[in-house]
């Protein structure tokens, strides 16, 4: 086991050493093939993938975007005896709620209307679990859990379910009820599949001072308003006016299915531009997908409620409540632009050249540890050269041996060393 003094001397000796690479030219078929294959692979990755495929010679900038939408269409509902749907025209002001959103729009496809609601007392919906009072009391002032109003403290007969006892509530009356007397047998606004939406998209690549928009190839408003998006036509694949049924179909969904319970569709506008070409070649590409799966058994689709409020001549407040199902369209803009710039090219080229050193490392491992003649190659690879002023490291045993001769010489001279 090394003595502490020897360890200290070895550590000091490292300070007075210097390692320099030694070039050893090894002639070996195995090692030569491995070396060239690794070098070819690295060069193919550098040139083919980094420089050409990933455009490593370009500087990139992400797209900055603004989107506005405009929906057009009219539908007529004529469901006899269904409140709010018996002979009514629905235009864009009725079925697009809210009128404007940031990067999105909603189109109503089905609706449950509860008209002429006023503030007062009435029986709660018997389908609400907390509404029934056959075996419990109705606590005055307590809200009905998942219900429509505040309990008055009275337990009364239900006007909807004969024989059922429900809590009387203070609410907007009559409360919303969903049955075959209030709901249409098919999606009420199924005719919305014929509606169109104009998606106007303005984009910028600020680093390159490039401005574009998705209205391309049309000379005037008349041409633009008459076009319809067609992904298979060279001209009309740039048309920014889409049929709603077309969007849903391209997203892989049936319109009548999604119209009943609602859903969420994403419209993707992709701007991937090579600005080394003419800027007119910077064109948008459209794709569509449904974000919510249509086969969920729980909380399926998309719906919400809103109301139209007004006052009667006598000052009584009244409202019409709508439970709206529909399709929420989310418009997403993505992409980037690239243009030649010398700095990323040099950086990518330099990092690729540095990778070539991997070939040397792997070949050294093969030569020094895997080949049968590894001992021979180690002797050729490593050379220990001692300079005239080399620091010599000696252990304690050498010190003891070096003192012995002096002592013996002193004893032969008759000196007393005791």
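Cβ atoms here come from the backbone N, Cα and C positions, even for glycine.
Note: TrEMBL annotation is automatic and uncurated.
Among the ranges 341-371, 372-402, the stretch that TrEMBL annotates as transmembrane segment is 341-371. Cross-referencing 12-32, 33-53 with TrEMBL places the feature transmembrane segment at 33-53. Remark: residue 282 (disulfide bond) has 210, 212, 271, 273, 274, 275, 337 as non-local neighbours, by Cβ distance under 8 Å and separation of at least 6 in sequence. For the pair residue 70 (ATP binding site) and residue 239 (disulfide bond), the C-alpha distance works out to 14 angstrom. A separation of roughly 34 Å, to the nearest angstrom, links the Cα atoms of residue 227 (disulfide bond) and residue 323 (ATP binding site). In this structure, the C-alpha atom of residue 71 (ATP binding site) lies 11 angstrom from that of residue 194 (N-linked glycosylation site). Using CA atoms as reference points, the recorded positions 138, 155, 167, 173, 194 were checked against residue 323 (ATP binding site), and the closest is 173. Looking only at the binding-site residues 72, 196, 303, 305, the one with its C-alpha closest to residue 173 (disulfide bond) is 305. Comparing C-alpha positions, residue 72 (ATP binding site) sits nearest to 194 among the recorded positions 122, 138, 194, 239.
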